[in-house]
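Engineer: Quick one: the structure is below, questions incoming.
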Amino acid sequence: MESNVGKPAGQQTEVDKPCIRECKKTGQTCCSQLKMFLVALSFAYFAKALSGTYMKSSITQIERRFDLSSSYTGLIDGGFEMGNLLFLAVVSHFGVKFHRPKLIGAGCLLMCLGSCLTGMPHFFMGRYKYETVIRTSVNVTRNTSPCLPYQNQSGGAVVPGMSSEGLNAGCEKEAGSYMWVYVFLGNALRGIGETPLMPLGISYIDDFAKAENSAFYIACLQTVSLLGPMFGFLLGSLCAKLYVDIGFVDLESVTITPRDARWVGAWWLGFLVSAVIMLFASFPFWFLPKSLPKQGEEKMELGATAEQSNVSKRMPEATNTRPLPLKLADIAKAFLPSLKKLLCTPAYFLLLCGSILKFNSFIGLVTFKPKYMEQQFGQSASKANFLIGVLNLPAVAIGIFIGGLLMKKYKLGVVAGAQLSFGTSFVSFLLLMTQFGIKCENSKVAGFTVSYTGTSQISYNEKTLLSACNSGCTCSLKQWDPVCADSGITYVSSCLAGCKETMGFGKETVFHNCSCVAFAPPPSGNISVILGQCPRKDDCRRSFIYYLAVSVIGSFISALGATPGYIVTIRCIKPELKSLAVGMQSLVTRTLGGIPAPVYFGALIDSTCLKWGSRKCGSRGACRMYNSDAYRLIYLGLISALSGSSYFFMIAVILLLRKQFKRVEKKTQDDADGHTEIEFTHMDEAELNHDMKLVDCLHEAGANPE
């Protein structure tokens, strides 16, 4: 049986007519039903975008909590796309044959379960223990030396009184802990649940909305859905401020702050919040009809239904039997021919290739943008997420909305839409290139970015942490417990700073008589240090403001071409292939972009790590400090290379569409001219016949025809 996608209301099959008649019986119009669907879909988009962006805002927290490298967290983030990959093509093709709103509702429930599963590991793990040499229970009146005797240079702290067998058992238990796998599986389940939303939702709107309203409705959908990422990043900002074990530990005993590289926020809390929101988003879809009359054709449909009813009364009962229900086998037979027809459309295939490259750069940009702001400009994860939520995302929402208005107001065609999408994207690319010059210097960390005498250097070797000033202490080279001197130099630990005395406890701990500080003494002559990494200079704050301005303007300009790009995708192919086209684009871009991009971006970012953290038994944990110059060049360079390569395909699409539409216009003009010529020929023949008859009559009358 044929699909009803893209057919006017009058051509819909009898299977869908009961839905339309039910709509009439309840007194609701097609327009109100379609708008109800638009509102419900917008809220579902909001909910799924909130949970998705919250995952990206929590990447740093998950990395630190599970002691993972960036490539592993990239794999976890790509789990969403892997889940999407499993069912996207099937749902896109088969889903349009069935009840689309109910399939979307079922997808929302799956995403709810996925979010719950992602946050569950927190409740089965022990309390978070960060690496530190600070003693929170030491009496304030007691002085201790950071150069503790029970330490070794090759591993972590050795616990007095613990046998090697007990230590090895603890290490084995830690090495066998794979709780992060549940985070991966939960993210994959969210990806499976998200499959019906975009292809079935957009095709439903485009099928039953007027052609001129379709672009505007999709723009409204995307604009409202962008509130999801905005609130997702704001939720990420709030949860990043809260300590991971809030409510279970005394916060006064926590010696680290949200700016510390060891800080882990309440990452699990946001997933539970997003699960509740997703549950509410699923409810409306169970009460919406399978299909609707085309906008503007409600009266025609009503008249056609009445006329058909009168005809049915005059026909025998046998002719009023309803068609047989759809068979899955019949639907499956049409899949491969439809897929072949879609991929053999040159414009769509080129768009697909360009989208793959563009999506790679987009995923890399969004996934590691908060981390880039942390490492390059010294911002906390909470502040980075907050600024993205209140500055970048509103600019994107406004840009998408204005792009849809431009399409509607000027009635831009496919070629004009493709040109607008390319132009805005290219201007955004040029603004991205300016970010190479917006930077901050590396933090001054003794042994890594500066020597103990204060001269600049870059070292990836932990042995450079050793110096004559700390040779009297057997310090661990694995630990990261930074302290700051008045000179602006950060030392990896108070032991490596050569400190001999300690005063206070907890966050108020101060280390005195530090021999390494004397190697590069501050103007004040103070050779004491305090907890935490030294803050960045004032010129770094100015650079950060410039970065935000360029980033926001670039986001707005790029978003102007989002809606035209969507419309070009669904208008450059045949109407019955729209749902499959949107689904295949999502499938391919996520397979070749969404899955590998976070992994190889993360692996390349890992290569810039200067100091790795350590687990309980000395194995490598999460990165504590990066070479910010190398990070910037790799991060921005990779994004620029991928985006720049995509423009070759976009230019080819524009040239191809121009050629196709010129050919169609010429053919239409030729057909019109031919039709006029035939009319003139027929008219000449009629006049000639009339004249011949007149001559014959005159001859019969004996008159001279002249």
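A Cβ is built for glycine as well, from the same backbone N, Cα and C atoms used for every other residue.
Since this is a predicted model, take the numbers as computed values, not measurements.
Dumping what TrEMBL says about this protein:
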TRANSMEM  34-55  transmembrane segment
DOMAIN    37-662  domain 'Major facilitator superfamily (MFS) profile'
TRANSMEM  75-96  transmembrane segment
TRANSMEM  103-124  transmembrane segment
TRANSMEM  216-244  transmembrane segment
TRANSMEM  265-287  transmembrane segment
TRANSMEM  347-366  transmembrane segment
TRANSMEM  386-406  transmembrane segment
TRANSMEM  412-434  transmembrane segment
DOMAIN    463-518  domain 'Kazal-like'
TRANSMEM  544-567  transmembrane segment
TRANSMEM  634-657  transmembrane segment
Engineer: Looking at the stretches 34-55, 265-287, 347-366, 544-567, 634-657, which one shares the most CB pairs under 8 Å with the transmembrane segment (386-406)?
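Structural biologist: By the under-8 Å Cβ criterion, the transmembrane segment (386-406) pairs most with 544-567.
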Engineer: Do you know the DSSP helix, strand and coil residue counts for the domain 'Kazal-like' (463-518)?
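Structural biologist: The counts are 11 helix, 15 strand, 30 coil.
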Engineer: Same chain only, please: residues at least 6 beyond the ends of the transmembrane segment (544-567) with a C-beta under 8 Å from a C-beta of the stretch. Say none if there are none.
Structural biologist: 202, 214-215, 218-219, 222, 373, 376-377, 379, 387, 391-393, 395-400, 402-404, 406-407, 412, 414, 416-418, 420-425, 427-428, 431-432, 434-435, 438, 440
Engineer: For the domain 'Major facilitator superfamily (MFS) profile' (37-662), report the average pLDDT of the model, please.
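Structural biologist: A mean pLDDT of 81 is what the model gives the domain 'Major facilitator superfamily (MFS) profile' (37-662).
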